[in-house]
C-alpha cells in the first residue's frame, strides 16, 4: 500500500480500491498517511462529491472537524471508519484527497455463494460453469481432479481436447469467496453426441411427430374410402351401359315364349319332375333404353389410304450344281451254306388195337323188328 501511495504521489494518479463487506459490518478505509500532512479531505459521492471531514496530521495525530461522529470515526493515521448503522454505504464511492492526490474507495455488498451450474455441449467440446448466487467470487474448473481453468467472472467456458480426454470424464466446478465455498460435480458423457442430439430433438418434438402420424393415417384412410366409392360407381355405370347396349331378343323367340305362356299350358305328369323356368331379364318389366339418333351432322370418316404397290419379287437364286454320287460299295462275299441235317429214320407202324365187343342185352329185339312211330312236334313249350 505504501508503494502505491508513493507511486501516486510521484505520478499524480488516482487509485481505486474495492471493499467487499457484509451487512452490519464495520468498514475501515485505510489511508496509510504516515507523514505530517495538512489539508486531508474525506468525501463521499452522492451525484456530486460532498465533504465528510477535513483533517490534518501533526505529531502522528490526525485531527478532524465537521463530521458526524454517530456515523464515522477517524483514526490517528486518518483512516475512515464507517459504523454499521449506515445502510447507504453500499455501492457508494468514498474519496480521500491530500497533497493533490486522490484515492477512491468503492464499498460493495458481499453475499454468500451457492452451488454453481455445469452444462456441456458434446458437438463443440464445451463445458460451461456458471454461478447462481454470490459476489466477489472465484470460479475453478477441475477435470479428473486437475484444475484446468480459473476466473473471477460470473461464468467460465472451457473447450476440452478430445484427444487428451476420453468420451467420459468427471468435471467439478468450485466457487468461493471470503464468506463460503460451494461446488458441483457432473459426469461428462459424450460417447455418441450425434445420437444424443437426435434423442433430444425427438423428445422436444414428440408432440409434432404425434400430429404428423395422425395426419398421415387420416389421409391414407380417406384415400382408401374415396378409391372404394369410385370403384363401385364405375362398376355400376359399366353394368348399366352393358344393359343398354345389349341387343333385344328375337321376335320369334318372344312369340314362342308368349305362345307357351298363354295358349299352351303343359301339365306335367305325376312322374315328370317340376323344373324351374329359366331366368330371363325380359320376363319382368325392365325398361329398355334405346339410343336416340343424334341431330347433329356426323363427321365424315376419312377415306382409307390406298395400299402401296407390291414390291417386286427378287430373282430366284440359282440352284447349286448336284453333288457327284459316291462309288457303290462292293458286295460282301456270300456266306457258305451249312451242311444239311440228316433226316430222322421213319417210325415203325403199329396196327390198331381191336375194338372191344359190347354184348347186347338179351331182351332188346333188333331194330328191324321194333315198332317205331314218328311223332310230329308242332310246338315246344
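Note that Cβ sites are derived from N, Cα and C of the backbone, with glycine treated the same way.
Listed in Swiss-Prot:
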| type | residues | note |
| --- | --- | --- |
| COMPBIAS | 256-270 | compositional bias 'Basic and acidic residues' |
| REGION | 305-334 | region '7 X 6 AA tandem repeats of K-[LP]-C-[PRS]-[PS]-[PS]' |
| REPEAT | 305-310 | repeat '1' |
| REPEAT | 311-316 | repeat '2' |
| REPEAT | 317-322 | repeat '3' |
| REPEAT | 323-328 | repeat '4' |
| REPEAT | 341-346 | repeat '7' |
| SIGNAL | 1-16 | signal peptide |
| TOPO_DOM | 230-381 | topological domain 'Cytoplasmic' |
The repeat '4' (323-328) resolves under DSSP into 0 helix, 0 strand, 6 coil
Residue distribution over DSSP helix, strand and coil in the repeat '1' (305-310):
0 helix, 0 strand, 6 coil
Going by DSSP, how much of the repeat '7' (341-346) is helix, how much is strand and how much is coil, in residues?
0 helix, 0 strand, 6 coil
Of the residues in the repeat '3' (317-322), how many are helix, strand and coil by DSSP?
0 helix, 0 strand, 6 coil
By DSSP assignment, list the helix, strand and coil residue numbers for the repeat '2' (311-316), in that order.
0 helix, 0 strand, 6 coil
